[in-house]
Amino acid sequence: MGHKGISVTGLVCRFAFFLQTLDTAFGDVSYSFPEEMKRRSVIGNIAKDLGLKASRLSARKARIDTEGNYERYCDINQSTGDLIVAERIDREELCGDKVSCMLTFELVLEGPLELHRVSLLIEDVNDNSPIFPKDTIKLEISELAVKGARYRVNEAHDADMGQNTVQRYTLQSNEHFVLSVHDYTDGRKNVELVLDKELDREEKQDMSLLLTAIDGGTPQRSGTVVIHVTVLDANDNAPVFSQAVYKASLPENSPLGTVVVTVSATDADEGVNGEVTYEFSRISDKAIKVFSLGHNTGEIKVIGPIDFEGDPKYEMRIEGKDGYGLSSDSKVIIDITDVNDNAPVIYLKSLSNPIPENASPGTEVGIINVQDRDSENNRQVHCSIRQNVPFNLVPSIKNYYSLVTTGELDRELVSDYNITIIATDEGSPPLSSSKTVQLSVADVNDNPPVFEEQSYSAHVTENNKPDSSVCSVTARDPDWRQNGTVIYSILPGDVNGVPVSSFLSVNGDTGMIHAVRSFDYEQFRSFKVHVVERIDREKLCGQKSPCSFSLEMILESPLELYSITIEIEDINDNAPVFSKKDIHLEIGESSPIGTVFLLDGAADPDVGMNSLQSYTVKPTDHFVLKQHSRADGSKYAEMVLQSGLDREKQSEHSLILTAVDGGDPQRSGTVKIHITVLDANDNAPVFTESLYKVTVVENALGSTVVAQVSAIDADQGYNGNVTYSFTHMEEGTPPLFHIDPHTGEIKLTGELDYETVQNYEINLQAKDPWGLTGASKLVIEILDVNDNSPIITMTSFSGKIPEDSIPGTVVALISVQDVDAGQNGQVRLRIDENLPFKIKTSLRNYYTLVTEKSLDREKVSRYNITLTATDEGLPPISSMTTIVLDISDVNDNAPAFSQNVYSTHVVENNSPGVSVLAIQATDPDRGQNARISYYLIDSELNGNPISTYFSINSEKGVIHSVRSLDYEQVKEFKILIKAQDGGSPPLSSNTTVLIYVQDQNDNAPQVLYPVQTSSSLVAEMVPRSADVGYLVTKVVAVDVDSGQNAWLSYKLQKVTDRALFEVGLQNGEIRTIRQVNDKDAVKQRLTVVVEDNGQPSRSAIVNVNVAVADSFPEVLSEFTDFTHDKEYNDNLTFYLVLALAVVSFLFITCLVVIISVKIYRWRQSRILYHSNLPVIPYYPPRYADTLGTGTLQHVYNYEVCRTTDSRKSDCQFARPCSQNVLIMDPSSTGTMQRMQNEQNILDEPDSPLEVNDVFLVP
């Protein structure tokens, strides 16, 4: 199944950590096998192919190693040496479209280290069917498409390679299309549909074709896609209106935006050909300001004010046109309905003002005319006067009324009348208007002047001045103006025959003689002006014929009314006018002969023969004109295509359309017709290049323009619009690029990665609106950028190395990979130069980290080694990883005490088990090598082992007192302590501990003299002639304590005022302090107290008998009462002999026990130290020390001797017991096994056994 070969690339493999020097061997092997093999399938026997022993694979830790995070697809059977499939292998998933799919691994062996590269060539199997990019392909093809037209379809994609990919295509049998397949140079296929028979949309609007792609594998696989062809319609039908004439009625004053009528035209064509637009073909200037036409909807809406009184009717023509210039028209008639929106208007035609106040009732004062512009009932008007005035309205002819008096007038009572005339129409609701007529009553001289007084008297002083005023008279006249003007005069008379006028004169105006002149109103009464206006028939009547209007002539005195009708005759004063200056038509070059095109008509406001009569068009190379008359007599023209158009020969035509009327002189109007020949879609788009090649760097930003492609379509307009698209891209490519469908600009939309894909091939398609396509290819080469940091992989690294490793020892095997290419992928690895390590290059991208100097864990126990990998790109990129290397400990340091000699003080009479001193040794080693145990070194003091006095905690180094110490027995102890670590071999060191016993005041003073006995009486004699200061005796006492505790002082217990003696405080001398007289008794007893200086102090009492006499007989007579019973002395002697015997027995017993212990310890040491291995005693919790070493924490042994007399009982520390004792806490479930060495020496019959009471003190 496999064969040996040479591998191409090396992937990362992992190695174990070795302490010995790295020895490597290399070899390569390759295999080829089909994809999709089952798991555990055998690829080949790699052990046999490499010449390895299968039985040694497990011992040498054989394994397959992969690069980075790649999945391990293969594994090795360490029992047989077979290379087996570990995971599913899919060639398409691993290698995509690569022709050769190669995977490489590393086989790693240890002891010695060997690296073998394994190359796996994966063979393709036909496990993928051809797949089209879309489930359905949609094509839109015009029914005018010529036979032989080609339409490209997307090819199918098969992920397999070689013969297993797509080999051929088949098309379902049909009558219109055949299949054309061409091979590209790269092996891909160009698939095109070729039109074999022309299409007819009226026969079949769409069809479905089944395209099948078939590969060449075994078994053969295929994929299908449905091609849906839609036949596009050609423009061969003109729009047709639903009605020839549209009629609508519209109330005047309708709001803006009101929809008047909706015109609708249908076109039997489809798509753009069937889209109808609307526009006015003929409309008056007034109507264009009032109505609008929806270009696409055909809705006619109100955009200006509607007034029935201005224009009661509108006529217009609507043209419907499709997208390619075919059109038809229709007529719209809009009748405006009247709304009562005009109030009556009152006109004062004639008025006699003022009117004499003596006018008789029924006198006609004025003529009133009332007009209403509305029609029918809305214009019927009634007039009235609602005031209480002596006037009334009398109907006359039509809308005229006469204003007449109804009673007598009196100017002196009412001189002016404001007459309000109200006119109301009969509309709904009715509208009213009013007009006020001011009428004055003319005065008639019907009232004489009247003086204010009947007589006047005046007194004139004599000798008055001439022309002085004598008096003033006043008269009043109620008449007006001239009739009310009073002129004063003096009636003729005389005084004493002299005329009165020679004495007095009167001013005619003021009562004093004066002349007054006033203007005469009646000389100027009124002025009248008449204006004459030009008459325009078209403005007045529009298209109405005949055109006439009515006038009314009024005559007064008497009132007469005449009706005059004037008819206006038309003259040819208007030329025909087209609604547009230019007419634009778009006609397809494929339009058939005989196609009719409706033209916009001209408008002539004249009537009769003066109106529009005929049309002419020039030139007539391609078109002729047909004229038609409508039912209303109006004429319109149609242009008929009489010869075919060719856009390639002439793309535009210009014609002159002339409209001529029948007046004299004849008038005409012209419009220019611009005809644009529309192109037929007979050319497919063509790319400017058949192959586009571009390069782009992999770190290009999004929206970067990658390329600009362009295709040219020889057609014009809509047919020449080209849209761009991708027809097929490799899997995963579409999200990365986007092509602008209109500009052909290709932009980057995703992220590029040279390490994943180095180039992309994209198929381009250019397509016009009718489905004709062109194809090209775009090749995008990705340029590598140094955008990947080196990846450092610890192939082999244990994280520990002994501190006694020699220089050159391999610490780690490191793999460094950089996925960039060229110089960007070349990597250098380095570390800090200050470390006792260095990097050595191994093979390919492998490096070894080795020691360069000796290591010392006690100086540096851990190294943080930073590995820095730097590539050779520009700029270079580095990556770092830090590994932690622990230096494992070697037992190269003995425990060390902080002091060579320790000293401490202990107060005597201490409690057994009290802590005396805690010592501590340090060991810079680690773990078991730094575990320190403490031991007492055997020595003797006064014949007793030092262990009978002290013990030490083996773990904490705390020294305990085994017994209560007595300063009076031993004042100083010197012991040796050994500290031993747990290494192999163990190391140890010693120190000296000095323990000083401090004295306590635990002994009372002892009186040596005088001796106190019960069998004899001792007395001191003092002669009566003794002088003052006579030394009687001296009390001698001692205290076994030391220091202040041994300082003694003396004093008498009882001292009287006439005391004869005194005792020395420091020396105990008893002396007389006065002369002896006759009154002093012969027998004197002194009680001396001896007291030490301790805290608390202790004392002793001694009785001193003193005889004051000059002779001994005198003394005896006084001391006869001091005799004792002889029987008491005999008993005391017996007890003393018994006590001596007991003490002797105890001494012998103790001696035997000490000898036994010595022998036991000697034999025990032979058992425990017969080998060179260190012995570290371990004591399980809750158990006693059975070996008698005295080092068990919180456990002490006591030997208690008790008697029936508790005062004589004794308790002391006993030497450690030698028997095998097992003591278990009831709460504990553990047990302690006996120490055995084939046969425990303690179990031998001749082993000394001693039974003591054993107490455990927590």
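Every residue, even glycine, has its Cβ placed from backbone N, Cα and C.
According to TrEMBL, the domain 'Cadherin' annotation covers 76-132 (among others).
Residues or ranges marked as domain 'Cadherin' in TrEMBL: 133-241 (among others).
Marked as domain 'Cadherin' by TrEMBL: 242-346 (among others).
Residues or ranges marked as domain 'Cadherin' in TrEMBL: 355-451 (among others).
Over the domain 'Cadherin' (452-578) the predicted model carries a mean pLDDT of 65. The domain 'Cadherin' feature in TrEMBL is assigned to 452-578 (among others).
Here TrEMBL flags 579-687 (among others) as domain 'Cadherin'.
TrEMBL lists 688-792 (among others) with the feature domain 'Cadherin'.
Annotation comment: TrEMBL describes 793-897 (among others) as domain 'Cadherin'.
The domain 'Cadherin' feature in TrEMBL is assigned to 898-1007 (among others). Counting residues per DSSP class in helix, strand and coil order gives 7 helix, 51 strand, 52 coil for the domain 'Cadherin' (898-1007).
In terms of DSSP secondary structure, the domain 'Cadherin' (1022-1119) contains 11 helix, 40 strand, 47 coil. The annotation domain 'Cadherin' is assigned in TrEMBL to 1022-1119 (among others).
Taken from TrEMBL, the feature signal peptide covers 1-27.
Summarising the annotation, TrEMBL assigns transmembrane segment to 1132-1157.
Counting residue by residue with DSSP, the domain 'Cadherin' (793-897) contains 4 helix, 54 strand, 47 coil. When DSSP labels each residue, the domain 'Cadherin' (688-792) comes out as 7 helix, 49 strand, 49 coil, counted as helix, strand and coil in that order. Among the listed stretches 76-132, 355-451, 688-792, 898-1007, 1022-1119, the one sharing the most Cβ pairs under 8 Å with the domain 'Cadherin' (242-346) is 355-451.
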